[in-house]
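**Q** Got a structure for you, written out below as structure tokens; questions coming shortly.
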Amino acid sequence: MLMLELNNAARRLLRRPTQSALVVGVLGLGLGAFLFLLSVVNGLLIRPLPFPEADRLVAMGERRDSGVGGIHANDYLRLRDELRSFERMGMYDEATANISRGGSSLPQRYDGAQMSIEAQQLVGVQPILGRGFIAADDQPGAPAVLLLGERVWREDFGADPAVVGRVLKLNGEAATVVGVLPESFRFPFIAEVWMPRRLRSDDPYGGQVIAKLAEGVSLSQARVEFDTVVERLGPALMAHRDQRPLSLKPLVLRFVNENTRGIVGMIFVPGALVLLLACLNAANLRLGHALARQQELAVRGALGASRGRLLRELLAESVLLALAATAVGLVIADAAGRWLLAVFIANEDAPAYFVNFGIDLRMFGFALLAALVTALASGLWPALRASRLDLQQGLRAGGRSGADAGAGRAVRALVVAEIALTVLLLVGAGTFLRGLERTFAFDFGTATPPTEVLTGRLGLRDARYADAPAKQLFYQSLVEDLEAQPGVRAASVSSALPGTMAGATETIGAAGQAEPNGGWPQALAAHVDPGFAEVYGLELLEGRLLDARDTADSARVVVVDARLAQELWPAGTALGQTLWVNPQRAEPEAYTVVGVIASLHLEDADDPVQPTLLAPLAQHPREFVTVAIRTEGDALDFAPLLAERVRQLDADLPVYWLRTQQRAIEMGRIGPVILSQMFTAIGLLGLVLAATGLYGVLAQAVLARSREIGIRRAIGADARSVLRLVGGGVGLQLTIGLSIGLALALPWSGMLASENFHTRSAEPAVFIAALLVVLLAAVAAFAGPLLRALRIDPMQALRQD
């Protein structure tokens, strides 16, 4: 019976291909936008982690507003020995893997990771070749081993099974390949080479902790024990000495933090709105068509067809239209999801390896549910309205004047709702575009055009650079070599790259001052060489810059930016003052301020602005650094030169992330750019849907009142009278819709502004632009039906029944 009903409905729809295609197109666009954003939500928030018993896995580390951080190795070992709420605990961390294969092949840098045997067991990975890590590999002093990812094995080692047992040079140390892990595994994020995480009590480094709750133990119960043990151990923990509280949270927050979850949840709202807008539009179209069939329905009712049967037929049509639209929407959503992931990967900002935005079985189920809801939302009310038969009126209507007063009120209400939703969507798009405009105009505090600076990244993991003097000697030799090359105006090695990343975030205090009520301030700290200021064009306001006097043996000094100077010494000069790093510790590190520069922002443009301090790299040689050269020509032309000069100094050291500072900054903006593009696309889609909906309503009104218009024209009505007749209520509907939209847009813009400090709540320019765009769209939608009304032939209209 159901199949027969659907078959008959399909034949009826095929007899009206244009009208059916229009409804499918409208709903398909709305469903495409909705399902795309739902696929983002599914990929980041709903799909479970791909680990065995993932619901029992938790992360522990420093408490952060957006998630959970790392932990000192010593703290991990103490907690592991004390806690009983966990079946197993392991440590892992991201790492760089510099691999040399010998011969004529160039060294290559891979995204790598260190993981303990316990971490490997918790994530449940099995090698496709060789073996995984065993307990002996974790022991300090054990022979170095590594695991390769399947892609690396196939593309760089020719899928040679004999790679197991081969000795490579890994970060300057001979290491044996013991296995190959499947391509589907890149834990924790995008790793392709893995090394054992060897732990000892005097380990100066830390990492990320993964733990599995014991059978029958809930997260809340584990937190009680965890907090108790942390409090009891107290001063024995490094985190306690640094005043960095520890926390226990679900492991998923390590991969998708709470800030990201908030943004993802927020972008789902416009997707739901645009689907609602599409449903309203489709409902309008379906209502107009159903009312146009009122005479047909009345005849069938007079012949004995029940209202239930007519209702089922109309709903069957809506279900088929919704299913067809869902198929269109799935194609759009899948293509958009692939595009989004490709953009992230191209900008080296991809989410964890297991995240994708494609269509899986869960998404297919969501799509079917969306189809059902869409069919009901767009078809139920029009079907109910059209099947409410008045036989005498329907038989007299001749199929041309079915829009009774009740239907007219409903249509006007739908138009008001469409306009209000469009205002909401456009305000959202405008808010993000204004924020993006400020992001691109953001002043990092560097005078050198970023297109003139070539940057690359180095990681001195080799045992030859284990001590600070060896690192500093390499950096100094590299800078001197680069500055001797033609076309190189200046060169620098530092822990930071302005506009993309700082070396670290430190707690700062001023000697002789009490801790402020809000706590000690924090600043972005970078360790730089004397060439840093010249390469990036820093402006000196007071004192001096860091220079050759600042050596490993000289007094500890820093240069601060104007923000930090104002925050710590608002009433006087910062020069000569003593600055504390980590003043919360019993013995903070003391530095003398020797210079003040203009405000400098080291992080991405969309990160909150923080004060900055610069310390000499010679006093704190870092393992990972950014090398930068300021060039006279096209900066990218110097990339081979930079790689070659590094290779001349160390044949086993690869330079990676070779790009201009401009490109690095652009990659840091990818998040705001994608959000702005998504909101703009959805806003424009909403505008198109609203404009076509308004056009359809007005066109239907002209068609329904064509005889009346002809009569009025015949007795002398001018164009203004016809305008008032056709669109007299449009102005009121626009006014009401715009008012409701603006009222809802005020809190909406505030919510959006809370996600990015470059955006502002209730910006007048954004609201005015949204109003103007909607008004222009309304005028454009009104123009066609109005011209058609003015062209109605009075004599032809008078001859209608």
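Positions of Cβ are set from backbone N, Cα and C atoms, glycine also.
What TrEMBL says about a protein is an automatic prediction, not a curated fact.
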**Q** Scan 637-658, 725-746 against TrEMBL and say which stretch is down as transmembrane segment.
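**A** Matching range for transmembrane segment: 725-746.
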**Q** Under DSSP, the domain 'ABC3 transporter permease C-terminal' (682-794) has how many residues in helix, strand and coil?
**A** 93 helix, 0 strand, 20 coil
**Q** Determine the mean pLDDT over the domain 'MacB-like periplasmic core' (20-226), rounding to the nearest whole number.
**A** 92
**Q** Which one, 21-46, 263-283, 319-341, 725-746, 766-790, has the most C-beta pairs under 8 Å toward the transmembrane segment (678-704)?
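**A** Comparing 21-46, 263-283, 319-341, 725-746, 766-790: 766-790 has the most Cβ pairs near the transmembrane segment (678-704).
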**Q** Check for me, if you would, whether the transmembrane segment (766-790) reaches the transmembrane segment (410-433) - at least 3 Cβ pairs under 8 Å, residues 6 or more apart in sequence.
**A** yes
**Q** Applying the under-8 angstroms CB criterion, which one of 263-283, 410-433, 725-746 scores highest with the transmembrane segment (361-384)?
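**A** Between the stretches 263-283, 410-433, 725-746, 263-283 has the largest tally.
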